[in-house]
């Protein structure tokens, strides 16, 4: 009987201690502290505040994954619609009469024509700070044929090597 009373007392003490310790338990970080000062220091720590902000952010943007999946699905649907449209256009071109088909250039010819047009466009689009137009190779050959007159510049340092 004494053993049973002692066991009940110990059990009651353990439950009381657990209750007291629960007050110093941070559920967000899953950390237990024995002293109130330690717990207060933890509440003002970077780790605790970082986890708190991260949790808030996840709650605010919890559906972002679903939104991303929806956007991806819509993009795939647009691509499929584009491909079906291209296939329909190709079938329509194939179903045209042979006379009309003879007038339409072959797809390989169209591709080479567009490639040549792209190359011509790239040649015209030059990036730089030159005010002169045209190719740089052409201007260098013109510069070689025309010599500029030598101009002497007065130097502040009075070095005669500048005149050469």
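Cβ atoms are placed via backbone N, Cα and C, with glycine included.
Quick caveat, the model's predicted, so the values are computed rather than measured.
Tertiary neighbourhood of the compositional bias 'Basic and acidic residues' (57-81): none, as no same-chain residue meets a CB-CB distance under 8 Å with a gap of 6+ residues from either end. Under the heading compositional bias 'Basic and acidic residues', TrEMBL lists 57-81.
TrEMBL lists 135-144 with the feature compositional bias 'Low complexity'.
TrEMBL lists 26-48 with the feature domain 'C2H2-type'. Same-chain residues lying 6 or more positions outside the domain 'C2H2-type' (26-48) and placing a CB less than 8 Å from one of its CB atoms are 55.
Annotated region 'Disordered' per TrEMBL: 57-109 (among others), in sequence order.
Per TrEMBL, region 'Disordered' is recorded for 127-146 (among others).
Residue counts for the domain 'C2H2-type' (26-48) under DSSP, helix first, then strand, then coil, are 11 helix, 3 strand, 9 coil.
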